[in-house]
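**Student:** Per Swiss-Prot, active site, charge relay system is recorded for HIS87, ASP228, SER656, and the stated evidence type is similarity to another entry. Annotated signal peptide per Swiss-Prot: 1-21, in sequence order. Annotated site 'Critical for substrate specificity of DPP7' per Swiss-Prot: GLY674, in sequence order, evidence recorded as similarity to another entry.
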Amino acid sequence: MNRLKLYLLALTALAVCSAKADEGMWLLQLMQQQHSIDMMKKQGLKLEAQDLYNPNGVSLKDAVGIFGGGCTGEIISPEGLILTNHHCGYASIQQHSSVEHDYLTDGFWATSRDKELPTPGLKFTFIERIEDITDIVNLRIAAKEITESESFSSTFLNKLAKELFEKSDLKGKKGIVPQALPFYAGNKFYMFYKKVYPDVRMVAAPPSSIGKFGGETDNWMWPRHTGDFSMFRIYADANGEPAEYSASNVPLKTKKHLNISIKGLKEGDYAMIMGFPGSTSRYLTVSEVKERMEASNAPRIRIRGTRQDVLKEAMNASDKVRIQYANKYAGSSNYWKNSIGMNKAIIDNNVLGTKAEQEAKFAKFAKEKNNTDYMNVVAKIDEAVAKTSPIKYQQTCLTETFFGGIEFGSPFMVMDKLKEALEQKNDSSIEANIKVLKEVFNDIHNKDYDHEVDRKVAKALLPLYAEMIPAGQRPAIYDVIEKEYKGDYNAYVDAMYDTSILANQANFDKFIKKPTVKAIEKDIATQYSRAKFDKYTNLAEQMGKLPEELALLHKTYIRGLGEMKLPVPSYPDANFTIRLTYGNVKPYSPKDGVYYKYYTTTDGILEKENPEDREFVVPAKLKELIEKKDFGRYALPNGEMPVCFLSTNDITGGNSGSPVLNENGELIGCAFDGNWESLSGDINFDNNLQRCINLDIRYVLFILEKLGGCGHLINEMTIVE
């Protein structure tokens, strides 16, 4: 029996006994083979495997999809109504907001279908079909059509996906997008046929004082009182097929929608989550965990924190800027705080010690097996990481500063083409490139960009980058700053933001009226952009083949861990594909003398209220409803109104918006966060500390009905009392 088959058998055999209780981001298509369905039933599930995932029929899988490009959403009515998180819909809410119509502050409630807002660029994606293509890939390797490392490259897999799609019965059907992906570090491969609906409209969103209550302070924290939800609707053509926005489109008649339970929950109740976890790294070695901490998290924390201070000051001073930068700030601060929490949790939870123990056990196993590949693999990973870490640190600093931090710049490649056209006096090429420049100018100076705010960001980040990266390793602009501006960063930034061709409308109009080679050569923003891209390319060249080498080493290491038959997870790392995690409603104790119960109520909202702090403002109407205890049928038997609850489910980024389901597959909540103490969970799952923070569906319905006046939406839903 070859090693790959032995490894795959080990995966199946380990499934029942290997993963700790509640740990696991399980592949739907392997539930029966790996016996995970049996474990779910032992914990309380009352459904069969085909109720969750049925390749030949309709199942719960068909009510769950990808919301936008990085979240999960679920269908909660036969009319294509989507429930997801407020923070998942935040970009769309911000997109529709203005000082005159401030939906971020005031909320948005569509009182009828014709009031639902088209949201250009927003899509909802269902998984139509999943196929195992491992044998196809392995045959290509055996035939030497590709190398082993090429087998899990996006170049090969995208080409293979297109090839298989061309032979599929789904070819020619509207909205189908094929995707082939590696699993278990390239030991398994699956093909996903996705159905993408591009007409998604905004239906409901509470005010940010509900949807983001607690803000940055409460993010990743428990106890939680955030009403983190928003609602959208899928529209389709008259045949129910995907179609770009049209006034004639109609709400999608969905194959499946989730029933909603308001029966309540108690400690120990079964809870499962279906969704699209984005990325985990559960199989890292000690050296790789250290690299994550020092080369990725640490510089990200420092650079984002500095930028966010600038943005926050500007946002507090202007409602216009607050709306412009709301989504940018939220996206930045989310993983800024995550990085802080991850580094702290790695230390507090002794993740390095746990990984070292695993490596020691693996070394013993490899020696007993007399397997040279296994005996050497960790040392080879460590050698590679010693080379990648300093480069990765530079890459993080570069991308966080110049690509994720400072927005202004110039399309130097377009400028080069225009310069060449001017030199050759090629009128058609000049006209074509100026047309592109006009598009770029409008793209830079879009409604969510403030040139003066970005100027302040640049003045803060350019000197910070110089502190973090030694001379000789920085982009070439630092030589210019030193020589031509005598090290004065503010003077350099002002020159770029005042005099560059794309800096403002007057400069741009003057240039396109009479473009010259000299103006392009002197343009500071063009020089700046070229320098940052040159440095990016230089670092990629330094990294060279090291990522491919590490990928192959990981394939060996993970195969060996499977064969070792240790209590290791038998599920692959998350890669934004559909997964299922099961567990229970459960409290936790993060440290001696501290005990957190498993749910919160609206009492905590009033306890946290602070009218002087934007993060803890309570809307007057909500406060009135709470004080009057006007909760309707959604209250607990004792009269309290539940807000959030904890479960032991295994989630990560991408699961935001995922449905939390009870033993009958009924919706009881919407997952939206993890707890602070377990932020090392992407690297190592800790059963005692890992908790998923969920929004109670009863609070969603209460806000929708009592505050939003959206009884018509509730009437669409199937409510189980």
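Every residue gets a Cβ built from N, Cα and C, even glycine.
Distances, neighbours, how buried they are, the whole picture for these features please.
**Tutor:** In the three-state DSSP assignment, the secondary structure recorded for HIS87 (active site, charge relay system) is helix. Long-range neighbours of HIS87 (active site, charge relay system) (same chain, six or more residues apart, CB within less than 8 Å of its CB): GLY211, LYS212, ASP228, ALA330, ASN334, SER656, PHE672.
Within 10 Å of the Cβ of ASP228 (active site, charge relay system) there are 30 other Cβ atoms, across all protein chains.
The local packing around SER656 (active site, charge relay system), expressed as other Cβ atoms within 10 Å of its Cβ over all shown chains, amounts to 27.
When other Cβ atoms within 10 Å of the Cβ of GLY674 (site 'Critical for substrate specificity of DPP7') are tallied across all protein chains shown, the result is 24.
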